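Trainee: Structure incoming, see below.
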Amino acid sequence: MIHYFAAPNYSFVHESTKAPPVSYHDYIVVGGGAAGCPLAATLAETANVLVLERGGSPYRNPGKTDKGNFLLTLSDPSPDSYAQIFVTEDGVYNHRARVLGGGTVINAGFYSHAETEFVKESGLDEALVNDAYQWVENKVVFKAPLLQWQTAVRDGLLEAGVLPYNGFTNEHINGTKIGSTIFDMNDHRHSAADLLEYADPKNIIVYLHATVTKILFPTQTVGSGTRAIGVIYEDALGEKHTAYLTNDSKSEIIVSAGAIGSSQLLMLSGIGPRSQLEPLGIKLVMDQPMVGQGIADNTLNGLFIPSPNPVELSLLSTVGISLFVNYIEAGSGLNLAPSFGWISKFLLSISDQTTIGSFFDTRLNGGIILQKVARPLSTGHLELRSTDPNETPKVRFNYFQEPEDLRNCVQGMKTIINVVNSKAFSKFRYQTISTQQLLNVVAALPLNQRPRHIDTASSLEQFCNDTVMTFWHHHGGCQVGKVVGEDYKVIGVDGLRVIDASTFSFTPGTNPQATVMMLGRAMGVRIQKDRLLKEGFKNQPIGNSSNG
């Protein structure tokens, strides 16, 4: 299906400064991200929905998020940037999405389904899952282009033994494949915010720059069995507003603020470890020690490869999948932040090829090949710094704490080295620059705040530890079976669910955005169905916009 880029003109999206002091809704969705947008669009087919998004609109400057500007968007330090930068307690630079559409506005765009195991564990009906994927794909998904750089990576992966070749597919299967993307044929980004086009505009309102400070509960109830009744949120001017659920047992607050934001909001609202909340003066609603625990991030390590030949602009078309071990992905020709220009001088110092001095000037004359540890066993936790919802909590992912994660990283780096050394990839590398020198380059870059060691570039184990970066695939903190049940309802609390990646014990597929958007749609259909059945409308069609 061919899509042409045109920013939607939503009549129901407003700045939160225009919100009334008090409002009432059937559903309140906190976080208009990868899960929140499809969830809200679905619920708004039959019910009154409020979406509260702490960031702004991705449509105010559409070109800013085009494919070539991926790294520039992440490096934007402005107060209203789409990506809020923070540093983990492990010393790794990281980002939280802060925009309608969430992570789908700032990510590398790759779209690939979850493994069948994830679907089975989620308890979702397989037909519903397939319909939900299709609902998403009809609006925002495109076949990823396969030009020269990505073709060389593909063929290099096959030479390196990442077999079989599975061609183009969205399925998560062992071997090398070509996937989909949310960038269209003109390199314009589409995002979960586009899925709001499915919503009935009469039934939905979205407020931007609306920061939820707490979830409200009846003052007389504390402990298991309490019910959420509303939220307090602040607009861009600091004015407070209150949104209540309608006086209906079927109404709900659904938190979809991401792995960090959802755990943070529960704790700010009094649901979390007593030991954390009481010292900050937060009234305890329910002592839930597992909130913020088990949070994890998939590690990223890789190589920059300068090219003697021109390269196309590309992001994550080809992927090499070694199930349960690692995934290999690549990009090329990206625009770079000005601060990276000095790196070209380092490249000149290791080679007599003066032409590579332009590698890092403004556009990457070459590319990056990355590996992601598939299912990290290392997990960490999140702690509130304060009661300020705008302040990112302390986050420690404990990267490579478990030896198996480090072994999987080393295996992934060996695969990358084999790809770079392959015959298929020879056109895009300088033969005078060894892979050891490429490792030296990465070891010298300020990619994180972790210490370097004398053997950073000579030991792949140390290289993985010292040069680790985030893949931005945060998950956990509100996991199923620990904080929420299989229906994503917060255990011990009525009228409150969490639906996003914070509920995952591992990230589904090579890149999770497809599954997070699918989950928002699928759970919206399920919640909608349950509501209509309770109301006695058994014959009313549900999820009837699934074909776009």
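Even glycines carry a Cβ here, placed using N, Cα and C.
It should be emphasised that the depicted structure is a prediction, and the values quoted were computed from it without experimental measurement.
Got these off TrEMBL a minute ago, pasting:
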| type | residues | note |
| --- | --- | --- |
| BINDING | Glu53, Arg54, Val99, Val212, Trp472, His473, Pro512, Gln513 | FAD binding site |
| DISULFID | Cys409-Cys464 | disulfide bond |
| DOMAIN | 258-272 | domain 'Glucose-methanol-choline oxidoreductase N-terminal' |
Trainee: Whole number in angstrom, please: the longest C-alpha to C-alpha distance across Glu53, Arg54, Val99, Val212, Trp472, His473, Pro512, Gln513 for FAD.
Mentor: 25
Trainee: Taking just the CA atoms, what is the gap between Arg54 (FAD binding site) and Cys409 (disulfide bond) in Å?
Mentor: 35
Trainee: Within 10 angstroms of the C-beta of Val212 (FAD binding site), what count of other C-beta atoms is obtained when all protein chains are considered?
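Mentor: For Val212 (FAD binding site), the 10 Å Cβ neighbour count is 25.
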Trainee: Within the domain 'Glucose-methanol-choline oxidoreductase N-terminal' (258-272), count helix residues (DSSP H, G, I), strand residues (E, B) and coil residues, in that order.
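Mentor: Grouping H, G, I as helix and E, B as strand yields 11 helix, 2 strand, 2 coil.
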Trainee: Radius 10 Å, atoms counted are CB only; among the recorded positions Val99, Cys464, which position scores highest?
Mentor: Val99
Trainee: Between Val99 (FAD binding site) and Cys464 (disulfide bond), what is the CA-CA distance rounded to a whole number of Å?
Mentor: 31
Trainee: If you measure Val212 (FAD binding site) to Cys464 (disulfide bond) at Cα, how many Å is it?
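Mentor: About 38 Å separates the two Cα atoms.
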